[in-house]
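Q: First the structure, which I've put down as C-alpha cells, then a few questions once you've had a look.
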Amino acid sequence: MNYPQEKIKPYSNDGKKSEQVEQMFDNIAPAYDQLNHTLSLGIDRSWRRKAINWLKPFRPQQIMDVATGTGDFAILACHELQPEQLIGTDISEGMMNVGREKVKKEGLSEKISFAREDCTSLSFADNRFDAITVAFGIRNFEDLDKGLSEMYRVLKTGGHLVILELTTPDRFPMKQMFTIYSKIVIPTLGKLLSKDNSAYSYLPQTIKAFPQGEVMKNVISRVGFSQVQFRRLTFGICTLYTATK
C-alpha cells in the first residue's frame, strides 16, 4: 500500500526519500540529542523505558535497534535487558558516529555495534533476532510495508517487535495544543539549534501523515505479525506498538 508520509520528503519532491532522509540526519546529527530532549521536554526518556520494560519478561539475547540514530535507545536497552548482542542499524553514518562515541563512553563497545542498513532491504539472515526495536524512525521509511516485512523476516519465530512513534493527540485540548506546538515551536527551535531549515518542518508533517492507532495496528498485522497491541502515551503524543512473530 501507499501511505501519505512516504510521499513527504525533507528537501525536494524529486529524488529518493531515503537519500534525502540520510542527508537530513547527517546534517542535524551534532544537534540531534539536544533537540530531541528539548522538544520532548525530556519525556522521550520515559517513553523509551516503557518500551524496554515491555521486553524484559522475554529476555531477548539478540536485538536489532532499527533507525538507531545516536544510540539512545540501544544504550538504555543494553543496560536494562543485558543482551548478548545488540546491533543498531541506520542509514545515517553521521547519526551512528555520534552513537559510536556514546557507546564507547558507556563502555558498551563489546555488546553494541552499528551497521549502515536500509530497513527495506536488510542484509541479515532470516530468523536472526529475538527482538527488534524502532524508536521514532519508522515514519521515515521510504516503504513502510517493505520495512515491516523485512523486520518480520529477520525476527525469530516467537520473537518480539516494539515500535515507539510520535503521534497526533485526538482529544481536546491536547490536539489543539500539539497542533500549535508542531507547527510553530518545533520548526522554530529546530532551525535555531540544528541550522537545517527543512528538517524540523519535515518532521511534524510526517507525524501528522503517518498511520496511527488502529490503522497502524492493522498495517503491522497485515505483514504477518500477531498479538499486535498499541498504547497511547502522554495524552497521545507518543504511541507504543508491540507485536509477536
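Just so it is clear, glycine is given a Cβ too, placed from its N, Cα and C backbone atoms.
The S-adenosyl-L-methionine binding site annotation in Swiss-Prot covers THR70, ASP90, ASP118, CYS119.
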Q: Where does ASP118 (S-adenosyl-L-methionine binding site) sit by DSSP, helix, strand or coil?
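A: SS state of ASP118 (S-adenosyl-L-methionine binding site) = coil.
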Q: What does DSSP say about ASP90 (S-adenosyl-L-methionine binding site): helix, strand or coil?
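A: It is in a strand.
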Q: Does anything in the same chain, at least 6 positions from ASP118 (S-adenosyl-L-methionine binding site), have a Cβ under 8 Å from its Cβ, and if so what?
A: SER18, ILE91
Q: What are the sequence-distant neighbours of CYS119 (S-adenosyl-L-methionine binding site), meaning same chain, six or more residues apart, C-beta distance under 8 angstroms?
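A: Expected: VAL66, ALA67, THR89, PHE141, GLY147, GLU150, MET151.
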Q: Looking only at Cβ atoms, how many others are within 10 Å of the one on THR70 (S-adenosyl-L-methionine binding site)?
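A: 26, counting other Cβ atoms within 10 Å of THR70 (S-adenosyl-L-methionine binding site).
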Q: Would you work out the biggest C-alpha to C-alpha distance among THR70, ASP90, ASP118, CYS119, the residues that bind S-adenosyl-L-methionine according to the record, and give it in angstrom as a whole number?
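A: Result: 17 Å between the two most distant Cα atoms.
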Q: Taking 10 A as the limit, how many CB atoms besides its own sit near the CB of ASP90 (S-adenosyl-L-methionine binding site)?
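A: For ASP90 (S-adenosyl-L-methionine binding site), the 10 Å Cβ neighbour count is 25.
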